[in-house]
Each structure stands twice: as structure tokens, then as C-alpha cells.
Amino acid sequence: MDYLLLAKKYGTPLYAYDFDYIENQYNKLKKEFNARKSLIAYAVKANSNLSVLKHIAAQGAGFDCVSIGEIKRALMAGAQNYKIIYSGVGKSDEEIEQALNLDILMLNLESEEEMKRVESIAEKLGKTARISVRVNPNVDPKTHPYISTGLSENKFGVSIDKARKMYLYAHKSEFLDPVGIHFHIGSQLTDLSPVVEASNIVSKLLRELKALEIDIKFFDVGGGVGIRYDQENDPDLYAYAQGILSALKGMDVTIICEPGRFLVGNCGVFITKVLYEKTNDAKPESRKRFVIVDGAMNDLIRPSLYEAYHEIDALKEGESELCDVVGPVCESGDFLGKNISLPELSSGDILVVKSAGAYGFSMSSNYNSRPRAAEIEVKGGKDRLIRKRENFEDLIQNEKEFI
Ligand code: LLP
């Protein structure tokens with residue numbers, strides 16, 4: 001990608017996504033499960049731009065959604081309803097009703113109470129709800145605590161014992177059809193052996209259920225496949241897939257996995273422009289250089305929220321010095337990078353924040369009344385706008401009639 005050209009053509013701050021990269025990542029993962037029936041259900045939350053979803057749907061992927069809004073986005077982008085999974089700890093009655101009416105593949109249940117709610121809504125609609133239960137296998141994914149989800153101290157899923165009870169109940173219910181079993185233990189795992197460990201634990205329950213003639217057809221291992229932001233090792237996809245396959249030996253189930261970051265994380269960059277440079281006046285040993293850019297924590301919150309590292313490239317040579325790359329938002333936590341080595345910069349220079357395709361734009365906000373960035377795709381060497389830059393009118397449209 002010619003970042004300078006893109007910055008000039010579309011302005012900054014800007015998200016740019018390489019669609020060919022997404023396709024490659026999809027094929028890489030899909031290939032590992034060739035020996036079996038499998039469905040790659042992209043986790044929409046990672047990047048929910050309609051054109052991104054359309055591109056992923058065109059590969060034959062399914063979608064893992066956590067709100068009715070995400071389901072509607074996926075459908076609008078061309079997803080087939082029978083490839084959509086609906087997960088999430090807090091589905092509202094309206095969302096459950098709409099999901100049942102849309103005849104999606106299955107609803108992933110996260111509690112007994114939710115199961116009863118789904119049952120009564122299905123009864124009211126005269127439908128049978130296809131469901132799976134999210135099992136919390138109590139496995140440590142060894143990742144950042146905020147994105148770790150598979151320990152019993154986390155709010156997600158139910159224990160194996162509770163899941164067993166739920167399946168027995170659902171099996172007897174006229175309005176519930178248990179078709180899947182699910183877990184997701186955490187995100188950004190560069191060592192995927194905890195997923196294999198969880199597969200072994202959850203497949204034992206699957207075997208029990210099959211023995212009871214509860215016909216589970218889908219084994220969903222969640223997302224979590226990590227990517228390289230810095231010096232991390234690329235995860236071993238072969239060992240991951242083989243580990244899951246061997247946990248399922250002798251059982252006829254379709255494997256589902258729900259990658260978000262793996263498909264889109266490294267397809268995207270966040271392009272921002274230098275506004276100013278300044279150095280504080282403290283003593284030489286505590287002297288600090290700040291590079292102030294036009295992108296901020298409202299555009300890309302990962303560094304502020306998780307102290308996540310994103311490589312920042314200045315696109316120019318020169319003697320480098322450490323600096324903090326900060327945005328215009330009124331918070332000390334507003335930074336895109338800390339202690340980053342960058343050459344001398346001047347107003348108008350472009351910085352490229354790498355690995356920003358996942359949980360970048362999708363977690364952005366209008367904090368400080370900042371319009372959100374534009375998004376573009378690059379496919380086969382051609383660039384195209386896929387989301388207009390917001391303007392002031394967009395920010396006030398739901399308020400102005402009340403003033
Ligand atoms: N499936 C379920 C049920 C999930 O909760 C998630 C992510 C995924 C799949 C996709 O996980 P992935 O393949 O992307 O690791 N905002 C955080 C990440 C939060 C992930 C939440 N759940 C970040 O910026 O790192």
C-alpha cells in the first residue's frame with residue numbers, strides 16, 4: 001500500500017484494509033481443517049464494516065455475532081442465515097425473538113435462565129430454537145486478563161456440570177433443539193495449546209451427550225488465534241487443528257471456529273498525520289518528547305485500554321529518538337504508542353500504526369465530539385472508500401431536534 005498516497009487521497013485519520021490479506025488468512029485456516037467438515041465463522045466484533053463482511057461472506061464463511069445489530073450487518077453483507085451463530089451473555093428478549101425469526105444456525109446459551117427464556121420465546125413463536133451451550137472449561141489461556149474468558153472467575157459460559165444438566169433439559173424440551181457445543185477461552189493466544197486442552201475437556205462432555213443420543217452436530221472452539229503485533233511467534237495452526245481433530249476422533253461433528261483478529265488484524269493500518277512536536281521542560285533525565293497526531297484513543301483505544309503495542313512507522317529515515325505518540329483527546333491515557341523510536345518529524349508527516357484491522361474502528365467512539373475516521377479497502381492493488389469520514393452533522397443528528 002502507498003500510505004502517503006492514500007493519506008493524500010482520503011485524508012487522515014484513516015483506516016486502510018488489505019482485502020487480499022484477509023482472503024489469504026481465511027484460506028490458511030480453512031485448509032488446516034480440510035480433513036473434516038468445518039465452518040469458519042468470522043467474529044464480526046473485530047471489524048464490522050459492511051464491505052469487510054461482504055468480502056468475508058464471499059469466501060463462504062459464516063459469522064459469529066454478539067448482537068442483533070451484528071446479525072443484521074452480516075445478513076446485509078450477504079451472509080447465509082444458516083451460517084450465523086449468536087453468542088453473548090446478555091441477549092434481550094427482543095434480540096432473541098428476532099434471531100429466532102431469522103432462522104439462524106444456533107443461539108449460543110450462556111446460562112440456565114437464558115435457556116428458559118429462549119424456550120418460552122420459541123414456544124410463543126411456535127418455533128424450535130437450535131441452541132448450543134457455552135461451556136466454561138476453566139482453562140487458563142495465558143493472555144491479557146481483560147481478554148481472558150475461559151476461567152470460572154470470568155462471566156462467560158457455564159461449568160461442565162451445569163452444561164450437562166442444560167443439555168438434558170433442552171433434549172426433552174419441545175421448543176429447544178441442542179445442536180452445538182461451544183467454548184471460547186480468550187483472545188490473542190499465540191500459544192494455542194490451551195484451546196487444545198479445552199477441546200479435550202469439552203469433547204468428553206460431547207461423547208457423553210452422544211451416548212445419550214443427544215445429537216450434537218457442531219463443535220465450536222471459539223476464536224482467539226493470535227497474531228504478531230511485535231515479537232510474538234506466529235501461532236502453530238497445524239498443531240492447533242490437529243489437536244482439535246484428535247480430540248474429536250471417531251465423532252461425526254462439524255468443527256466451527258470463530259476467528260476475528262486472525263482474519264483482519266494484520267490486514268489493516270491506521271494512518272495518522274503529525275500536527276506538532278513538543279518536548280517538556282523537565283530536567284534532561286526526565287525530558288520527554290511528544291509527537292502529537294490527528295488520530296487518538298477514540299479512533300484506536302487498544303493502547304490506552306490494554307497497553308497494547310502497535311508498531312508505528314514514520315515512513316522516513318533519520319536519526320531516531322524515543323517519543324510518545326499522543327492524540328488530541330483530553331486524557332493522559334490518550335496515546336497510540338509510548339517510548340517509540342521515531343526520527344525527527346514535522347507537521348504534515350504521516351505515521352502508520354500497524355496491526356489495526358481488528359478491534360480498531362469497531363471499538364472507536366465519538367469521545368470529545370470527534371468524528372470517526374474514514375475506512376478504505378485495497379483489493380487487487382485498487383483502493384476504494386468503504387466508510388465515509390463522519391462530520392459534525394452525523395454527530396448531532398439524534399440530538400438537534402431536542403434542543
Ligand atoms: N468468539 C467469541 C465468543 C468471542 O468472545 C470472541 C472475542 C471471538 C470469537 C473472537 O476472538 P479473536 O479471534 O478475535 O481473538 N477488544 C479486544 C478483544 C476482545 C475479544 C472479545 N471476544 C482486543 O482489542 O484485543
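For all residues, glycine too, the Cβ spot is worked out from N, Cα and C.
Bear in mind that TrEMBL entries carry predicted annotations, made automatically and left uncurated.
The record from TrEMBL ties Glu258, Pro259, Gly260, Arg261, Tyr359 to pyridoxal 5'-phosphate, and of the options Gly224, Gly295, Gly318, Gly327 it ties Gly224 to that site too. Among the recorded positions Lys45, Tyr306, Cys330, Glu331, the residue whose Cα lies closest in space to that of Tyr359 (pyridoxal 5'-phosphate binding site) is Lys45. Under DSSP, Arg261 (pyridoxal 5'-phosphate binding site) is assigned to a helix (H, G or I) in the three-state scheme.
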